[in-house]
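Features of the protein shown, as given by Swiss-Prot:
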BINDING   Arg86, Gly87, Asp88, Gln101, Asp102, Asn209  substrate binding site
BINDING   His107, His130, His135  Zn(2+) binding site
TRANSIT   1-43  transit peptide
Amino acid sequence: MGTLGRAIYTVGNWIRGTGQALDRVGSLLQGSHRIEEHLSRHRTLMNVFDKSPLVDKDVFVAPSASVIGDVQIGKGSSIWYGCVLRGDVNNISVGSGTNIQDNTLVHVAKTNISGKVLPTLIGDNVTVGHSAVIHGCTVEDDAFVGMGATLLDGVVVEKHAMVAAGSLVKQNTRIPSGEVWGGNPAKFMRKLTDEEIVYISQSAKNYINLAQIHASENSKSFEQIEVERALRKKYARKDEDYDSMLGITRETPPELILPDNVLPGGKPVAKVPSTQYF
C-alpha cells in the first residue's frame, strides 16, 4: 500500500470512529443515568491495511477463531475454535482438506536472527492438533503435528511425517518423510508404520466431515434454534421424574409392567457387550 493508500485508509478509520466518539460523548452527558452496552468487536476474518484473508467458500472458520491479514485457505479446510492465523507481517497459506484444531497459533516471520523472511506454508490434508504453535515454517501434504507441539522458524515437516504431541522443534530442522520426531528438543524417535500413514490421511477426512456439522450448526438463525428447541421439548421422552415435577400421573398399561430385562411378549433383552473408549 502506497502513501496515498495509507492516508485514505487512516481517514476512513477516523470517519468510522466518529459515530463511536459521538456515542461516548452522549453517554457522558447522561451521567449516572446512562446505560452502557459493551459489544464484542471480534471479527473472524480481518484485514491488515490492504491485505485481507482469501478463504474458499467451503472452509469452516469457527466463530471464535481469528484469520488476519495475508492468509489463504483452500477448499474443505477447517479452522477451529480459538485459533489465530495472523498473516500481518508475511503470508500464510493453508491447503485443501487441512484441519487446524482448537487454540492453535499460526504466525509468520519478517525478521529473525538468520535474517530470513519466512512465510508459513501448510499443505493439503494436514492435521494440526490442539494448542500447537506453528511459526514461519513449512508443513507438507499429509503431515501430522501433535497437540501442543511448537515448530519454530525454518522448520520443514515433510510429507507423511509426524511431530509428536508436546514436542519443540528447533529452528531450521527438517523432519524427513515417514518419521516420527518428538521431545524437547525434538529428535528422531522411529519410523511410521503403514497403518499410521493411513491414519493421518483418514484423520484429515474425518475432520472434513466434522467441520460440515459444525458449520451447519453455527449457520443457524435464532429462529431456527428456537424452533428446534421447541420440537425437542415437544417430543422429549417423559419419564417418571419429569412427570412428578409437573404433578402428572400416568397409568401404565398392565402389559408394559415388565422387568427391565424383558420385552413385551415375554422375550428377554439380549445382553449388549460393554464398549470401552479411550
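Even glycines carry a Cβ here, placed using N, Cα and C.
Overlay of Swiss-Prot annotations on the structure.
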| residue | record | Cβ contacts under 8 Å, 6 or more apart |
| --- | --- | --- |
| Arg86 | substrate binding site | Ser66, Ile68, Gly69, Ile92, Leu105, Val106, His107, Val108 |
| Gly87 | substrate binding site | Val48, Lys51, Pro53, Ile68, Gly69, Asp70, Val71, Val108, Thr120 |
| Asp88 | substrate binding site | Val48, Lys51, Ile68, Gly69, Asp70, Val108 |
| Gln101 | substrate binding site | Trp80, Cys83, Thr127, Val128, Gly129, His130, Ala132, Met147, Tyr207 |
| Asp102 | substrate binding site | Ala62, Trp80, Tyr81, Gly82, Cys83, His130, Ser131 |
| His135 | Zn(2+) binding site | Leu105, Val106, His107, Val108, Ala109, Thr120, Thr150, Leu151, Leu152, Asp153 |
| Asn209 | substrate binding site | none |
Same-chain residue ranges lying at least 6 outside the transit peptide (1-43) that approach it to Cβ under 8 Å:
49-50, 64, 66
Can you tell me how the residues of the transit peptide (1-43) break down into helix, strand and coil by DSSP?
31 helix, 0 strand, 12 coil
Near the Cβ of His107 (Zn(2+) binding site), how many other Cβ atoms are there if near means within 10 Å?
19
Where the record names Arg86, Gly87, Asp88, Gln101, Asp102, Asn209 as binding substrate, the maximum Cα to Cα distance in Å:
30
Going by DSSP, is His130 (Zn(2+) binding site) sitting in a helix, a strand, or coil?
coil
All-chain count of other Cβ atoms within 10 Å of His130 (Zn(2+) binding site):
17
Once the DSSP letters are reduced so that anything not helix or strand counts as coil, what is Asn209 (substrate binding site)?
helix
